[in-house]
Amino acid sequence: MAIAAIMGDVLMLMGFNKAAFGKLNSASRAALIGAVIWAVLSIVYLTIFNGWKNLFTMLPHEFFIVLLSIALPIGLTVLILMLSRIVKSVDTLKSEVTTLSRNDVSSEGSVAMLADLFREHRAAIAAQVEAQVEATTQLIRLNQEGRALAAPAQASGTDEAMTLLAQLFREHREAVAAQLEAQASATAQLVQVTRDSRDGIVDELRSQRVLSQEITQELSQITQSRTVAPAPPGLDPSQRIDRMRALAEVLGLALNDLSMTATQVLTEHLNAAHGDRDGTRKFISTLTTAYFAGDKNVFFRSLVQEAVNRSEQLRRCAEDTESVRQQISKILREAREIRSLVAACDPNDLVRIVFEDGELWALEKALAEHFLIDGSPVWTETAPDSGMD
């Protein structure tokens with residue numbers, strides 16, 4: 001079943017279409033091709049030199065090493081592809097923010113042009129009003145002159161001339177009134193259009209400003225959520241993600257190696273304590289199943305329980321077996337290095353939050369109480385200094 005699952009993962013990776021493969025950078029392509037070649041060569045090696053029938057007769061830790069050698073590059077490739085997509089999404093958001101800022105500049109230019117247009121309209125309206133005032137002044141002057149001319153005519157009794165002159169003045173006043181009304185209506189329409197255009201431009205600028213703030217905030221959140229290790233000022237998001245990937249690869253390899261070492265120590269200890277190799281094999285198989293189900297600390301917890309509950313038997317096993325001493329020394333030294341690496345991170349970094357004070361810390365503490373840094377057992381009541389901080 002495990003081999004079938006691995007083959008399914010390989011086929012899934014090979015099933016990428018050409019468009020998706022073309023979007024990957026050179027490093028991601030090389031990692032993907034390398035992982036596929038690694039998986040194929042591993043399967044060919046198992047088929048030719050080991051045989052599928054002999055695969056399930058291996059010891060649990062040997063079977064685990066075979067699975068790990070096949071699945072590890074595939075898992076690293078999936079991680080690299082995910083990080084590449086994150087970098088692309090961050091770059092896309094940055095380009096959108098840059099484009100939006102350029103659009104804001106063009107909108108400001110449009111507003112300036114519209115303001116100049118409004119200024120020209122106001123000047124034209126002022127000129128028309130001034131001309132209308134001049135025409136009204138001339139009308140008043142003509143009216144006064146007409147009255148001055150009408151006075152002698154009225155005294156001489158010429159009613160017909162007075163009637164014609166009054167009709168002429170009335171028609172002129174009606175024409176002027178109609179012109180003033182049309183001018184007032186046109187001015188009101190221009191003011192309304194100006195107000196509507198101004199409100200529309202203001203609303204558009206506000207919406208663009210809000211959109212720019214939302215995109216900037218989302219970009220900041222993505223950058224902060226992907227920041228793992230403390231980096232010097234001036235690093236862009238892609239460099240921060242590269243640091244996170246490097247740290248994750250180092251810690252992942254170290255923890256996988258520690259899990260295999262803990263499995264070997266457990267196997268030697270249980271065989272020496274109980275003498276039941278079949279029972280030990282079933283127990284290790286159960287732990288391996290739990291490990292592949294997602295419990296990556298199951299070997300650490302089991303070894304902690306043995307170090308706490310059967311410390312004397314574990315020390316005797318290490319005293320009698322050189323390989324057990326070397327494996328315990330390896331666990332202590334690697335755990336110390338991992339703890340130092342995690343302690344160098346910022347207290348708010350994701351790596352430190354995940355790994356600090358975990359099962360590996362408990363395993364280091366339990367073993368340091370009964371063993372020196374070189375794996376030698378301590379038989380005194382007071383545990384000596386093992387070189388740990």
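Positions of Cβ are set from backbone N, Cα and C atoms, glycine also.
What Swiss-Prot lists as topological domain 'Cytoplasmic' is 1-31 (among others), and the listing cites a curator's inference.
Taken from Swiss-Prot, the feature transmembrane segment applies to 32-52 (among others).
In the topological domain 'Lumenal' (53-62), the DSSP tally of helix, strand and coil residues is 6 helix, 0 strand, 4 coil. Positions annotated as topological domain 'Lumenal' by Swiss-Prot: 53-62.
Summarising the annotation, Swiss-Prot assigns transmembrane segment to 63-83 (among others) and lists sequence analysis as the type of evidence.
Mean model confidence of the topological domain 'Cytoplasmic' (84-389) amounts to 72 (pLDDT, 0 to 100 scale). Residues or ranges marked as topological domain 'Cytoplasmic' by Swiss-Prot on the basis of a curator's inference: 84-389 (among others).
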- Given the topological domain 'Lumenal' (53-62), its same-chain partners at Cβ distance under 8 Å and 6+ residues beyond its ends are 3, 46, 260, 263-264, 267, 281, 284-285, 288
